[in-house]
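*Asks:* Annotation comment: TrEMBL describes B:7-121 as domain 'Tetrahydrofolate dehydrogenase/cyclohydrolase catalytic'. According to TrEMBL, the feature domain 'Tetrahydrofolate dehydrogenase/cyclohydrolase NAD(P)-binding' maps to B:140-276. Among the features that TrEMBL reports, NADP(+) binding site is placed at B:Gly166, B:Arg167, B:Ser168.
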Protein chains: 2
Amino acid sequence: MSEKLILDGNVVANAVKEELKGRISALKEKGITPCLATILVGDDPSSATYVRMKGNACARLGIESRKIELDKETTTEELLATIDKLNKDKDVHGILLQHPVPSHIDERKAFETIDIEKDVDGVTSFGYGQTALGFGKYPSCTPAAIMKIIDHYEVEVSGKHAVVVGRSPILGKPVSALLLNQDATVTTCHSRTVNLEDHVRQADIVIAAVGRPNFIQGDWVKEGAVILDAGYNKGNIGDVDYEACLEKAAAITPVPGGVGPVTISMLLKHTVDSAESI
Amino acid sequence: MSEKLILDGNVVANAVKEELKGRISALKEKGITPCLATILVGDDPSSATYVRMKGNACARLGIESRKIELDKETTTEELLATIDKLNKDKDVHGILLQHPVPSHIDERKAFETIDIEKDVDGVTSFGYGQTALGFGKYPSCTPAAIMKIIDHYEVEVSGKHAVVVGRSPILGKPVSALLLNQDATVTTCHSRTVNLEDHVRQADIVIAAVGRPNFIQGDWVKEGAVILDAGYNKGNIGDVDYEACLEKAAAITPVPGGVGPVTISMLLKHTVDSAESI
């Protein structure tokens, strides 16, 4: 068995944050404090945890986070009005609407209301389109994190066959687009895919973005594949059966400590990018 | 050899146009004449031909076409101003900027200036993003045509493996997105794809969108595959080696008379859709 490369997300996230520190200082010298507004609707405990984690990450770097907490009875119109106010607020550089929102709210409409210049979480269709056509400023953070890890560890993408398992608007679709733009041949698989294993088995690069614990099996992956696990299921379990896939992979992200920490650092980076662009 | 199904684009285009006739009459009774503005910059003869063909197709159905012809020395700013004027013109329901424009013009910027509500040719990144996320009103016309043919001839898409050869912003990328949204497993290939034949050979559905005459070979395709040829090269030659692929295919579009005529009918349909939406 050849030596395995563990794609350590904490190393990548720390490198990103180190670089951001200098940029944030420079902004502050100009009197600008990067500011991320987070919107939490309702009282879902995991959503509250995610928002808190993001706020803490901001605080550690000196990025302001403005936490907006809305009652679970909030209407779509009220949420749109909140977003609109943040769109117009010159001190806010990024807007993150924590999802899922309560089911009576039109989440897509809310996402679409976020100004493209402040869509640091990459949720708008406009931002997605720009990303897919190759000139998006703020891709969704998890896809951006996957590409950052690939870049950091110099994983070859051009000409490789990438198989993405999952097709959500903030993960499977945009990561497929980003890999395609870096000249991978990309296959996007999903719940209706027939013979999923046969597709995964051909992949030079596997992206697990399906949201099912330990879903990708060791005997599904080709010897020498690079595996990036964007899954984050209850109990800190990824979408990939890590131990079994480690045997086969040339390189693999662990869970936790893989894609997750880089995702948050991408959110911070986009917020700083946005603050710099004003 | 089993019976081949020739996917006749003229049949599909005529069915679309028949349906449009009634809708156009209804609009006219309300005092609305659907109107497509076409912008031609410079004096490229094939571009002029395409614009004329589209104008004639409009005329035959009673759709007004407003032809704007700009000098080849036109600047980006002048073109943007022209588009902006059409965006604001309430009598114009669709805007088509014939591409390519002369190379000194920022074509992408020009496309992006077209109002999403009038982007009936599906060239904006915003429209692309909406299409890819599943709620676009006006996908690019060639991808829309391919899906229309698939729909007309009841080609099964869900769970099938579609291989798209080409990744242009108005063809390969959006048709990949549309097929994915109809539950195909989609592989997008391009000039950097390694072992292209091996990918094509696995396809249940092949989309040729590469712009190279007779590029897809008969021995690249699986017995029983459905082949849609969006290529339109000089001398009325498609991207698919038709005779050789016909042997293997369960169904195939000819060139000419395949995707081409349906593409124009999609442009007309989008223009009527837009006129109805005001």
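Every residue, even glycine, has its Cβ placed from backbone N, Cα and C.
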*Asks:* Express the predicted model's confidence over the domain 'Tetrahydrofolate dehydrogenase/cyclohydrolase NAD(P)-binding' (B:140-276) as a mean pLDDT, rounded to an integer.
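*Replies:* Taking every residue of the domain 'Tetrahydrofolate dehydrogenase/cyclohydrolase NAD(P)-binding' (B:140-276) together, the mean pLDDT is 97.
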*Asks:* Centre the Cβ atoms of B:Gly166, B:Arg167, B:Ser168, go out 8 Å, and tell me which other residues of that chain have a Cβ in range of the NADP(+) site.
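*Replies:* After dropping the recorded site residues, what remains is B:Val164, B:Val165, B:Pro169, B:Leu171, B:Gly172, B:Lys173, B:Thr188, B:His190, B:Ala209, B:Val210.
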*Asks:* Hey, which of our binding-site residues B:Gly166, B:Arg167, B:Ser168 end up with a Cβ under 8 Å from chain A?
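*Replies:* Among the binding-site residues B:Gly166, B:Arg167, B:Ser168, the ones whose Cβ sits under 8 Å from a Cβ of chain A are B:Arg167.
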*Asks:* In terms of DSSP three-state secondary structure, what is the assignment for B:Gly166 (NADP(+) binding site)?
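*Replies:* Where B:Gly166 (NADP(+) binding site) sits, the three-state DSSP reduction gives coil.
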*Asks:* Going along the chain, which residues six or more apart from B:Arg167 (NADP(+) binding site) have their CB under 8 A from its CB?
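*Replies:* Within the chain, B:Arg167 (NADP(+) binding site) has Cβ neighbours under 8 Å at B:Lys173, B:Ser176, B:Thr188, B:Cys189, B:His190.
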*Asks:* By Cβ count within 10 Å, point out the most packed of the binding-site residues listed: B:Gly166, B:Ser168.
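*Replies:* Counting every other Cβ within 10 Å of each candidate, the maximum falls on B:Gly166.
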*Asks:* For the domain 'Tetrahydrofolate dehydrogenase/cyclohydrolase NAD(P)-binding' (B:140-276), give the DSSP counts of helix residues, strand residues and coil residues.
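*Replies:* Reading the DSSP string over the domain 'Tetrahydrofolate dehydrogenase/cyclohydrolase NAD(P)-binding' (B:140-276) gives 56 helix, 24 strand, 57 coil.
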*Asks:* Please list, for the domain 'Tetrahydrofolate dehydrogenase/cyclohydrolase catalytic' (B:7-121), how many residues fall into helix, strand and coil according to DSSP.
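*Replies:* Breakdown, helix to coil: 61 helix, 18 strand, 36 coil.
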